[in-house]
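To keep things clear, I will list the structure first and then write my remarks on it.
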Amino acid sequence: MTIKRTKDINHDTFRKAWRNYRLAPVAIAVSAVFMLSACEKSDETVSLYMNADECSQANPSQSEQCTTAYNNALKEAEKTAPKYATKEDCIAEFGEAQCTQTPAQAGLGTTTSSTSTNGEAQAQQQQSGSFWMPLMAGYMMGRLMGGGSAPSQPLFSSKSATSPANGQFVDSTGKSYGPATAGGRSMTVPKTAMAPKPATTTTITRGGFGDSVAKQSTMQRSASSGSTSRSVGG
């Protein structure tokens, strides 16, 4: 039996398919580069300072912007910092000499109960139209732009040994940005870290902010662990 070879094989089609196969890995690699670039653009480098003087020392030619960013962070802290009905509740969370009294903002509710047994003090604070909030321990500042103002966000820290925020820089949502140390330092954060935070509209119970810090820390560890696993496996 004789096997006949066909003369109708389209060699160009085979060569084209082979070229496409060889180009596929290249296309995937290029796509990966673009995806990595997109991820990089979603992060930005920020600086953490305790006060405007630290910023000015690190950026002598931009002292005015340092002060402006600091003052803007103070204003933001008044709106977004956790609020407490009593001084005792605030001190329990943040420590002695770490709290200040602030006028109640429009729309700030007072229905959230406190675990403090000093109900009379709570009623007096609510009647006086003021609440207690932690002092701003530092601020996070975006990149300084020539002639413009840098974005900033307030940071808080606790001196209470029982608080998850003890010795840490945390924002108003409870997210931690590492040790609250002097001298200034830089780090890379998601751009969402510099986005405006929602204004505080209710008082919180004693220990409530600490719970938020603990939850945020757990989420950060999980995200970091997941990222590492993908990098190793990928």
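Backbone N, Cα and C atoms are what each Cβ position is placed from, and that goes for glycine too.
Annotation comment: Swiss-Prot describes 105-129 (among others) as region 'Disordered'.
The compositional bias 'Low complexity' annotation in Swiss-Prot covers 110-127 (among others).
Annotated region 'Disordered' per Swiss-Prot: 149-234 (among others), in sequence order.
What Swiss-Prot lists as compositional bias 'Polar residues' is 150-175. Within the chain, the compositional bias 'Polar residues' (150-175) has long-range Cβ neighbours (under 8 A, six or more residues past its boundaries) at 48, 65, 68-70, 72-74, 76-77, 80-82, 91-96, 98, 134-144, 193-194, 197, 200, 209-210, 212-217, 220.
Broken down with DSSP, the compositional bias 'Low complexity' (188-205) shows 4 helix, 5 strand, 9 coil. For 188-205 (among others), the entry in Swiss-Prot reads compositional bias 'Low complexity'.
Sequence annotations record features per position, and here Swiss-Prot assigns compositional bias 'Low complexity' to 216-234 (among others).
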